[in-house]
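Trainee: Below: one structure in structure tokens.
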Amino acid sequence: MKCMVTNVLRSLIENDKGELRKLEKMADKVFSYADEMEALTDEQLQAKTAEFKERYNNGESLDDLLYEAYAVVREGARRVLGLYPYKVQVMGGIVLHNGDVPEMRTGEGKTLTATMPVYLNALSGQGVHVVTVNEYLSTRDATEMGELYSWLGLSVGINLAAKSPLEKREAYNCDITYSTNSEIGFDYLRDNMVVRAEDMVQRPLNYALVDEVDSILIDEARTPLIVSGAQGSETNQLYFLADNLVKSLTTEDYIIDIPSKTIGLSDSGIDKAEKFFKLDNLYDIENVAITHFLDNALRANYIMTYDIDYLVNEDQEVMIIDPFTGRTMEGRRYSDGLHQAIEAKEGVPVQNESKTSASITYQNLFRMYKKLSGMTGTGKTEEEEFREIYNIRVVPIPTNRPIARVDHEDLLYPSLEYKFNAVIADVKRRYEKGQPVLVGTVAVETSDLISQKLVAAGVPHEVLNAKNHYREAQIIMNAGQRGAVTIATNMAGRGTDIKLGPGVRELGGLCVIGTERHESRRIDNQLRGRSGRQGDPGESQFYLSLEDDLMKRFGSERIKVFMERMNLTEEESVIKSKMLTRQVESAQKRVEGNNYDSRKQVLQYDDVMREQREIIYRQRQDVITADRDLAPEIKAMMKRTIERQVAGHFLGSKDEAIDGIIKFAHANLVEDDTLSKATFEAMNQKEIVEELYERALRVYDSQVKKLRDEERVREFQKVLILRVVDNKWTDHIDALDQLRNAVSLRGYAQNNPIVEYQSEAFTMFNDMIGAIEFEVTRLMMKAQIHDNIERERTSQEAHTTAVKNIMPNQSHAIQENVSFEGVDRNDPCPCQSGKKFKNCHGRK
């Protein structure tokens, strides 16, 4: 086994060496153009960009252009920035162009390294995104490096959260766009919620170069980006209003089909609804949100049964009953607003829920780019994850000068108190001799504690944490000055170099002190890497205690045994040993493994949504950008809806099937009383489908004629499809989230939660597609066509507008007609506010 591990390590090392030899040869070829480029005038050098673009358009690949293009950037950087990329920077630039990660130590000039692949890939005209962790770095790098790109004839944009859609679109249309990772993600999601192509801001995702790639693609991998809208009290009141109306209906006012669990309003029911909500036409396209509330109220009152489908517990919560076990299903809620409708029916508080309109994880966001690369000083420890998840290799790049930093062995103390006392003593000693010190902590609380102790010890210092991040760059820039003491959480200040002040080299350079080991070796290495940049002298020292989180979770028992063997029992004993360091790193590897497994599992779940999201977003794009009549698509939806409904009814007897089909058709396709049993008695299933489809087509044609011109027909079709798709997709996202929570418990029953999730999510997706087609069909058949068809910005806005239009009408009517006599204090208030009577009109 040991021999096998040794062989694997030797193989990896040899592969790295072979890769470096290849990169050196390529860098030498770039260097061979140096004299030629130096001889060019500014105008001739700048003209190279147009030449490269023409050659690319004529068939040369970016790989063919690499050597000359990199040489042009080197010479341009020398003239514009006064910087001339070293060979190791050129090597790193080649790795970046190949779609991999060069591991370059702190201070090796990653920002300058990036200019070469960014320039080269921008020549394609398809856009390059330089991704940073915060807007300060985006603005700084775009400003500094933008001088070079602009001089070479490329446009540079900065995408900031505060910018308008127009400004964002201009930024994304530039050759090179600087942005934070989160803003790219949110822009992508928002682009897939718009209803006009001209409202989109992004181009297709081409090439991303991610700075601090480990932070974004590893540490934040599990963080989902979510665009959501809260359901307010007005929305909740609409559930009660719809319930109030539905409870007043008679059996003639609705058409119910028990076998398929579908229900809809009859003509008399529609009349009552229009009168109740003061609407001209319930099935006007503008009122799609209202029909949603009514449909759910109908289902809640006439299909869902107390003690069979659900019950209300002592806390006044509606609990779903599992039809197979008869037990309540903890944490599960009906989707699509049905649960809230049942809450309104039962007179219990309607729970506010924020509706997720769109979401994506960074893992799936960045995997959509045609090419992805990134820079970090500490990526090798996560190489497996980069390779498995993103298909990216990590290539260690040699430093331009040998590393002179001294990394001391860890010091272990029996308690936190003794550890912190030792840290303060070390900091004070170094401060008194003038050596700058950077103290790294894992948490803000630790920063504050050490700050208090340093104040007590009379050591002036700066504290950098989440409370004062706006001064981050300034504090870090001064951290290398003589006598400077800086306390920072481990991740703070990344991307800003710490340069040594006058006389500091002679004092040993910057000393980095870690107050505990992080879960990840990579974070520890990042902290160490703040010292010893570009061959500068420096030191690093980690202080540990048996009471540290990492030690308590993984290492303390073994180390206690080790201490006992060495007879180290005194309270103030300290251990300094290579064996200790190995034990700590072993604990870190286990945590890293656990975290990787967790991120991998998140990806397995999210991959299911990714596939579904891509289908929905692609269909949305087709609708938004369509410059044609969408009648074939809508008619196909109508046909499939009819086929599904007829097939579902034919599961029973033909007599019952025909009754159900007539109810379905009257509620959703044609006028009431236009069909009878005699129409279908002599037909088989296929003939019934054809008959209904022919009748539906006649209704469709009559609806379209009302729109008069082709442009208005297309606009109406897009309004219809986008409204329905967005509403159903939003509900589906919530349903998937609930499913994920539910299947996670099934692992205890020896079932694979991932497999169960994939299977049920697939079924739910098909059900959603069926629901979309059903709703498009129903609205197409029943909508009142009028002259001012116009797409809303989002379906959420349409919903909000509908609610606001109705509420003023309703509140006045309710106050006029409501009686409060005989209402118990704990009963729901008759005003339909959703509150108990004692907290509303019964308040004394």
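Indices start at 1 and increase along the chain as displayed.
A Cβ is built for glycine as well, from the same backbone N, Cα and C atoms used for every other residue.
Look at Swiss-Prot and you will find GLN89, GLY107, GLU108, GLY109, LYS110, THR111, ASP497 tagged as ATP binding site. What Swiss-Prot lists as Zn(2+) binding site is CYS829, CYS831, CYS840, HIS841.
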Trainee: By Cβ count within 10 Å, point out the most packed of the binding-site residues listed: GLN89, THR111.
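Mentor: Output for this query is GLN89.
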Trainee: Which number gives the other C-beta atoms within 10 angstroms of the C-beta of GLY107 (ATP binding site), all protein chains shown included?
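Mentor: For GLY107 (ATP binding site), the count of other Cβ atoms within 10 Å is 21.
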Trainee: Starting from the ATP site formed by GLN89, GLY107, GLU108, GLY109, LYS110, THR111, ASP497, give every other residue of that chain whose CB sits within 8 Å of the mean position of their CB atoms, in sequence order.
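Mentor: In sequence order, the nearby non-listed residues are MET104, THR106, LEU112, THR113.
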Trainee: How many Å separate the two farthest-apart Cα atoms among the ATP-binding residues GLN89, GLY107, GLU108, GLY109, LYS110, THR111, ASP497?
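Mentor: About 17 Å separates the two most distant Cα atoms.
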